[in-house]
Amino acid sequence: MSESQTLVVKLGTSVLTGGSRRLNRAHIVELVRQCAQLHAMGHRIVIVTSGAIAAGREHLGYPELPATIASKQLLAAVGQSRLIQLWEQLFSIYGIHVGQMLLTRADMEDRERFLNARDTLRALLDNSIVPVINENDAVATAEIKVGDNDNLSALAAILAGADKLLLLTDQPGLFTADPRSNPQAELIKDVYGIDDALRAIAGDSVSGLGTGGMGTKLQAADVACRAGIDTIIAAGNRPDVIGHAMEGLPVGTCFHAQESPLENRKRWIFGAPPAGELTVDAGATQAILERGSSLLPKGIKIVSGNFSRGEVIRIRNSEGRDIAHGVSRYNSDALRLIAGQHSQQIDAILGYEYGPVAVHRDDMIIR
């Protein structure tokens, strides 16, 4: 492990709190020690931290608040500053500076903002500063949220050009069944490609404080691995888990990176949270999956959500299965007008056209 590597460490709420209602500072101190040790060896470390709402609730004395988005955002606004203060305080013991990055889905959906976020993150790393990343929960609405820090960590790994992504949780890894209810469940140590069978056995996190269960960790691993980034799911309370993961020692479930990773633009398409979705017919599904064809308006049955031209959208088949993500050539209003129509009719219907396809195959990733 002599060469410098970049590691993204995602710390879930259940890891930071130990399953309690407050931050477990002793455990966070130990996690920082492990990161600082790798930093001193010349490695580049990125932290994706949950816990802002838990920190806010603790700081305010566990107030009785209505179960509303505004209440969560209030707690996040208070807790975010407490959280970054804690990271800064602990890393400063080792003479390490931290830099905070708060992101929303909009930063990932827009290619220019995605590149700006990438440049900022890499500038921090180039100057030996540890980026501390969280979703901007104080302002993010359901429409602009990435949704969970597992998927955010996969996007951060792509932005950072990471070698490895470590998802620390309250479970030792991915099991063949739920270990809490099935004593015969076995730890899956290595995964080479994520399929529907693997997704089916992914259970939910035992913690009620976070938003990400094992299913979202599989989503994150899928995104990272297809971008050429090894991903490990491991228990946050395992001794020296961060250093051992960096060394390549078995610490949980290792999802091995795709041998031929996606090129940079397609990494963005694959990782960006979809702004909307299209449901397509059987003919379009077959053309996309079997021939790698572009999506024509003729094959579109339903347009869901509101999105602009140039945004990433999800493409589903008639059974609701996610078959592809791609960049839309038309906005949602235009697609509703031309859905089910032949491409030759686009100009007559809209009064303009951006070409005959709704999503070009060069701007599409098969899921």
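Don't overthink the numbers, they just go from 1 along the chain as shown.
In case you wondered, yes, glycine gets a Cβ from its N, Cα and C as well.
For reference, Swiss-Prot has these:
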BINDING   LYS10, THR169, ASP170, THR211, GLY212, GLY213, MET214, GLY215, THR216, LYS217  ATP binding site
BINDING   SER50, ASP137, ASN149  substrate binding site
DOMAIN    275-353  domain 'PUA'
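This view paints the features noted in Swiss-Prot onto the structure.
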residue	record	Cβ neighbours (10 Å)
LYS10	ATP binding site	31
SER50	substrate binding site	29
ASN149	substrate binding site	27
ASP170	ATP binding site	18
MET214	ATP binding site	23
THR216	ATP binding site	24
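According to DSSP, the domain 'PUA' (275-353) comprises 28 helix, 21 strand, 30 coil. In this model, the domain 'PUA' (275-353) carries an average pLDDT of 95.
DSSP assigns SER50 (substrate binding site) to coil in the three-state reduction, outside any helix or strand. MET214 (ATP binding site) sits 12 Å from ASN149 (substrate binding site), counting Cα to Cα. Following the DSSP three-state reduction, the secondary structure of ASN149 (substrate binding site) is helix. Within 10 Å of SER50 (substrate binding site), counting C-alpha to C-alpha distances, fall the following of the binding-site residues LYS10, ASP170, THR216: LYS10. Here the Cα atom of LYS10 (ATP binding site) is found 7 Å from that of ASN149 (substrate binding site).
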